[in-house]
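Note sheet for the following structure.
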Amino acid sequence: SPSSPSHTAQDFPGQKSSRSSAGAPMEKNKMERKHGPSCFGFPLSIFFIVINEFCERFSYYGMRAVLVLYFKFFLHWDDNLSTAIYHTFVALCYLTPILGAIIADSWLGKFKTIISLSIVYTVGQAVMAVSSINDLTDYNRDGTPDNIPLHIGLSISGLILIAFGTGGIKPCVSAFGGDQFEEEQEKQRSRFFSLFYLSVNAGSLLSTIITPILRGEECGIHTKQQCYPLAFGVPAALMAVSLMVFILGSKMYKKAHPQGNIMLQVSKCIGFAVKNRFQHRSKQFSKREHWLDWASEKYDKRLITQTKMVLRVLFLYIPLPMFWALFDQQGSRWTLQATTMDGNFGAIQIQPDQMQTVNPILIVVMVPIVDTVVYPLIKKCHINFTPLRKITVGMFLASLAFVAAALVQVQIDKTLPDFPKEGQSQIKVINLGTDVAKVDFDAGVANVSVESLMATNYMTFDTTSLTRMNIAYGNQTLNQSLNFPGKERHTLILKNIGGIQTEWLLDGLKSKSEDGKNQIRFINNLASPINITMGSTSLENVKEFSATNYTSFTRGVKEIVVFADNSLTCKNQSISFGYGSAYTIVIQECNSNTLALRYVEDIQPNTVHMAWQIPQYFIMTCGEVVFSVTGLAFSYSQAPSNMKSVLQAGWLLTVAVGNIIVLIVAGASKLSEQWAEYVLFAALLMAVCIIFSIMAYFYTYVDPVEIEAQLDEDEKKKMENEKSIYENGTGPISQSEM
């Protein structure tokens, strides 16, 4: 009976009973022989499983946290391709659990499936770490891989192995942990799942903090680059530890034999019903109450009724992928958005990929608040906040989160430089002399006056009209003809020593630095060549009235040291650089150990703070709490007892389809502005939210326990009737007579 497990649990060793105190140790030993070694009331084997899950989640989320930046800055893919491959990978991770469940239930069993696919998983993580080694193909030692296709091939191979590994074991590990308990250990099993969920969140939270820090370090044999090998290598090592820990506990596990997969039975039942209905589509066959009833010739009433219950819930799942299409962009579009923002939080410098930690932190805070404060308040207001209404609110909140992301993007766009388009050129003038210089480009901008040791902003010209330049410098003049190809920025350096001297510099910057680094170049305005050192970078033999190329520097305080040919060493006071700027630094004077500099801002640093992303993360997390947690609880409450795994697979499938939607929408929209894409996704989810609310309105809640009890009663009556007929001498009923 349903009450018997709880009764057995109450009759557990250690509680007061009629047993003698001398018999208690014997009873305890008997239970230990039955359950195996225990610790804190749990089977000792489950601690191996919990540690295994912590390491595996650290491995997966740590690798995933830096993945989109690896695509963009190591493989040099653009934002759209990086986003597309990222979401393809995530989709595959949520498609493969179905395969893992089938393998475990129908062939290998959970234990062997976890071992086999964990090996595949570990190899995939190792391949990813190797693929990110810059020196692997940097034959000329210039800091850039010379065989990008090899790195791409290794990366894709590694990601496919990881997807099959993490997806394949996803439905097995938690279920395998549940298998370690006896029927009378329901309370311990419930606590295990809480501990298991905690290990998942702890692993993901720690990894999304640590791996971006590892990525931000510089490493390499020949040249120093962002340390992706370390960022991928640590998750690979944790996955290896996960596998070894799981194997260590192998002798303690209860290993159930595969007993067939319920998903296959449901699929066969549906397939037979469709086939049978198609074969009997003629009007001469009477209609049946439900199309699944056409499976009654082969499958029993219980399976058909349970499948109907599952399909009613799966029908409601149809709009849900749109939520995940927005939710999973936290790891792609939102991370890329953070690369154009200021991550200076005072004593802490936040990497763009670390902003993803806001979600798990808020989850830990919001779940108890929503359960203990928000829901009770809503109930006190006499509002019937049903599970389907909660899911609707979750979708609405996710849509609002993308509206918030769009508003932040609009502010970011205002700070982005306006680079020349096709048929345009931009020119900046820097006056290194002592007089005022007047420049007429003869293209509608006349008499640009540049004070001594000053610079103009970039001026945009139509390239076809930019043919001549006239310079008036003191009492001297100079005429030059111009010919620019377009889509480039140029800097004109002027000086009036022994006549007008001009030097044209091709800037070479076509976009703002999205890795947060600053682009710095130096102009030597001294009378002799100099060597310049900034941080750990040395620029040697910079000739007079000439400039270096732009060099990348990380944010932070830097000291500039100049070595002149007269054995003078001049140091500048340490200066601080932000994120994503570009500067031209003019070396004006090096005298008596005093270094005089002039800073010309070519691209302003990121000024929109990353903290402005917190509201969109907060709204999205609130949506996740009422959507995801409620969705799983609703699914379980409406599912038959033996088909909860089918709905679990369906739920994971909605995540996979959501990531595929990102590929379709982002590829088909062709929107040039990122804020517009955010608004598009918000509008799509809002439309889907309305559709889902209508579907939910017409949904009728059922009680699977009551329905299954009725099925049990019907089967009991059927058996009694058959027994009565047999006892009356009629004999058993043949299959053809039924």
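Any Cβ shown, glycine's included, is placed from N, Cα and C.
Here TrEMBL flags 1-21 as compositional bias 'Polar residues'.
For 1-30 (among others), the entry in TrEMBL reads region 'Disordered'.
Among the features that TrEMBL reports, region 'Disordered' is placed at 718-738 (among others).
Sequence annotations record features per position, and here TrEMBL assigns transmembrane segment to 35-51 (among others).
If you look up TrEMBL, you'll see 83-102 (among others) marked as transmembrane segment.
The transmembrane segment feature in TrEMBL is assigned to 114-133 (among others). Within its own chain, the transmembrane segment (114-133) is flanked in space by residues 56, 59, 63, 70, 74, 100, 108, 151, 154-155, 157-166, 168-169, 172-173, 176, 228-229, 231-233, 235-236, 239-240, 242-243, 246-247, which lie at least six positions past its ends and keep a Cβ under 8 Å from the stretch.
Marked as transmembrane segment by TrEMBL: 148-169 (among others). Same-chain residues lying 6 or more positions outside the transmembrane segment (148-169) and placing a CB less than 8 Å from one of its CB atoms are 56, 60, 63, 70, 74-76, 89, 92-97, 99-100, 103, 113-114, 117-118, 120-128, 130-132, 136-137.
Among the features that TrEMBL reports, transmembrane segment is placed at 190-210 (among others).
According to TrEMBL, the transmembrane segment annotation covers 230-249 (among others). Same-chain neighbours of the transmembrane segment (230-249): 44-45, 47-49, 51-56, 58-60, 62-63, 66, 70, 114-115, 118-119, 121-122, 125-126, 128-129, 131-132, 207, 210-212, 214-215, 217, 219, counting only residues six or more beyond its ends whose CB sits under 8 Å from a CB of the stretch.
For 309-327 (among others), the entry in TrEMBL reads transmembrane segment. Remote same-chain residues near the transmembrane segment (309-327) are listed as 266, 270, 292, 388, 391, 394-395, 398-399, 401-402, 620, 623-624, 627, 631, 634-635, 638-640, 643, 646-647, 650-651, 653-662, 665, 681-682, 684-685, 688-689, 691-692, 695-696, 699, 702, 704, 707 (criterion: CB distance under 8 Å, separation of at least six residues from the stretch ends).
According to TrEMBL, the feature transmembrane segment maps to 361-378 (among others).
The transmembrane segment annotation in TrEMBL covers 390-412 (among others).
Residues 313, 320, 323, 326-327, 330, 334, 355, 358-359, 362-363, 366-367, 370, 387-388, 390-391, 393-398, 400-402, 404-405, 408, 651 of the same chain, all 6+ positions outside the transmembrane segment (614-634), place their C-beta atoms under 8 angstroms from a C-beta of that stretch. The transmembrane segment annotation in TrEMBL covers 614-634 (among others).
Residues 80, 83-84, 87-88, 90-95, 97-98, 101, 170-171, 262-263, 266, 310, 313-314, 317, 320-329, 332, 631-632, 635-636, 639, 677, 680-681, 684 of the same chain sit 6 or more residues outside the transmembrane segment (646-666) yet have a Cβ under 8 Å from a Cβ within it. TrEMBL lists 646-666 (among others) with the feature transmembrane segment.
Taken from TrEMBL, the feature transmembrane segment covers 678-699 (among others).
Simply put, out of 190-210, 390-412, 678-699, 190-210 has the most Cβ pairs sitting under 8 Å from the transmembrane segment (361-378). Remote same-chain residues near the transmembrane segment (390-412) are listed as 319-320, 322-323, 326-327, 333-334, 337, 340-341, 608, 612-613, 615-617, 619-620, 622-628, 630-631, 634, 674-676, 678-679, 681-683, 685-686, 688-689, 692-693, 696 (criterion: CB distance under 8 Å, separation of at least six residues from the stretch ends).
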